[in-house]
Amino acid sequence: MTAAFNFDLKATDGKARTGVITTPRGAIRTPAFMPVGTAGTVKAMLPDSVAATGADILLGNTYHLMLRPGAERVARLGGLHRFMNWERPILTDSGGFQVMSLAGLRKLTEEGVTFKSHIDGSKHELTPERSMEIQRLLGSDIVMCFDECPALPATDDEVARAMRLSMRWAERSRAAFGDRPGHALFGIMQGGVTPELREESAAALKAIGFDGYAVGGLAVGEGQAAMFGVLDYAPGFLPEDKPRYLMGVGKPEDIVGAVARGIDMMDCVLPTRSGRTGQVFTRRGALNIKNARHQDDPRPIDEACTCPACRNYSRAYLHHVFRAQEIIASMLLTWHNLHYYQEIMAGMRAAIAEGRFEAWQADFHAGRAEGDLPPL
Ligand SMILES: [Zn+2]
């Protein structure tokens with residue numbers, strides 16, 4: 001493993017960008033969607049199946065893995081890639097977001113956060129230094145800075161305080177990460193919906209210097225209009241020549257809108273979680289397979305989709321196995337959703353490269369306006 005971490009911006013179309021991130025574990029084509037493998041597995045999917053959907057990289061959660069099975073244990077067993085049998089790149093979050101969500105179970109200081117495990121109530125501490133250590137033990141290819149994302153609703157003062165604390169933690173994260181060739185450290189911009197705070201945060205991160213930059217503090221309940229409002233200007237504060245990652249996004253429409261505003265990477269539990277609850281995403285919008293109107297329908301979810309669920313099974317069958325709570329329902333619906341998400345990403349990459357992203361977006365929105373096929 002010798003190749004350095006590198007981002008090659010290949011083409012732009014409006015604000016949208018396409019490129020390739022090179023890592024020792026393989027290339028990541030951008031814009032990239034990262035499936036979420038919270039606890040060392042993308043739920044209901046084998047790693048080969050995740051790769052078959054077109055995913056170049058997946059995301060692991062520091063918070064969950066540090067509590068169970070524990071980062072030191074994963075390291076003794078050869079690191080997360082080997083442990084979960086995924087050879088391609090992995091990005092880990094810092095644990096910050098999940099810890100901050102533990103309202104009432106955590107205590108925040110300048111040093112870091114102490115909290116009680118949601119599993120067994122045991123006491124733990126996360127600091128920028130410990131988060132860097134855990135992500136190193138896991139063997140993550142892209143490491144995220146430890147930050148504080150304030151819960152909404154938050155006052156401007158609270159957002160500013162959390163952003164400035166996050167910038168001090170970013171500096172400590174950078175120092176603790178050290179020099180690790182082939183591994184990347186991303187800074188996380190905070191600042192809520194206030195342009196001045198976003199600009200201040202971006203300037204602080206750029207002064208420290210990172211391999212990539214995330215737009216944090218969005219997709220936390222502010223709504224699509226407010227999120228797009230921030231994305232209209234915030235990516236412009238970040239360096240052109242580094243990847244930009246929007247954390248925790250989102251629905252297909254959110255992803256397309258974010259790419260149109262200059263985002264290169266995203267992750268979300270939506271396609272996998274929805275697969276387990278019977279919601280499927282298609283180019284004609286979302287549908288719920290448990291709805292009785294599917295029970296006699298011999299057609300696939302989407303006749304144009306080439307995933308195993310659509311190639312081999314009817315809506316009637318998927319409806320049946322979902323209602324019967326058969327495990328294959330989660331497997332097939334998750335596969336379809338991840339396949340659909342990766343198809344959107346591939347479509348956008350090609351359209352941006354060929355300078356026809358505007359037309360691609362018009363087609364994308366026209367398909368949704370058409371709506372799902374009526375029952376037979
Ligand atoms: Zn499908």
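The backbone N, Cα and C atoms fix where each Cβ goes, and this holds for glycine too.
Record features (TrEMBL):
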- 15-368: domain 'tRNA-guanine(15) transglycosylase-like' (DOMAIN)
- ASP93, SER94, GLY95, GLY96, PHE97, ASP147, GLN190, GLY217: substrate binding site (BINDING)
- ASP93: active site, proton acceptor (ACT_SITE)
- 248-254: region 'RNA binding' (REGION)
- ASP267: active site, nucleophile (ACT_SITE)
- 272-276: region 'RNA binding' (REGION)
- CYS305, CYS307, CYS310, HIS336: Zn(2+) binding site (BINDING)
Find the shortest Cα-Cα separation between GLY95 (substrate binding site) and the recorded positions ASP267, CYS307, CYS310, HIS336, and name the residue that gives it.
ASP267
Give the sequence-ordered set of same-chain residues, not counting CYS305, CYS307, CYS310, HIS336, with Cβ within 8 Å of the centre of the Cβ atoms defining the Zn(2+) site.
PRO300, ILE301, ASP302, THR306, PRO308, ALA309, ARG311, TRP335, HIS339, TYR340
Taking a cut-off of under 6 Å between Cβ and any atom of ligand 1, tell me which of the binding-site residues SER94, CYS305, CYS307, HIS336 pass.
CYS305, CYS307, HIS336
Listed in sequence order, residues not in ASP93, SER94, GLY95, GLY96, PHE97, ASP147, GLN190, GLY217 with Cβ within 8 Å of the centre of the substrate site Cβ atoms:
MET100, MET144, CYS145, PHE146, GLU148, CYS149, SER166, ILE188, GLY216, MET247
So among SER94, PHE97, ASP267, all listed as recorded positions, which is physically nearest to HIS336 (Zn(2+) binding site)? Use the C-alpha atoms.
ASP267
Restricting to the region 'RNA binding' (272-276), what is the model's mean pLDDT?
98
Cβ-Cβ under 8 Å from GLY217 (substrate binding site), same chain, 6 or more residues apart: which ones?
CYS149, PRO150, VAL159, MET189, GLN190, GLY191, GLY192
Three-state composition of the region 'RNA binding' (272-276), taking helix and strand from DSSP:
5 helix, 0 strand, 0 coil
At a 10 Å cut-off from the C-beta of CYS305 (Zn(2+) binding site), count the other C-beta atoms across all protein chains.
18
Shortest C-alpha distance to CYS305 (Zn(2+) binding site) - which of the binding-site residues ASP93, SER94, GLY96, PHE97:
ASP93
Nearest of the recorded positions to SER94 (substrate binding site) by CA-CA distance, picking from ASP267, CYS307, CYS310?
ASP267
Might you list, by sequence position, any residue in that chain lying six or more from CYS307 (Zn(2+) binding site) with a Cβ less than 8 Å away from its Cβ?
THR53, TRP335, HIS336, HIS339, TYR340
Would you count the other C-beta atoms found within 10 angstroms of the C-beta of ASP147 (substrate binding site) for me?
29
Longest CA-CA distance among ASP93, SER94, GLY95, GLY96, PHE97, ASP147, GLN190, GLY217, per record bound to substrate, angstrom:
16
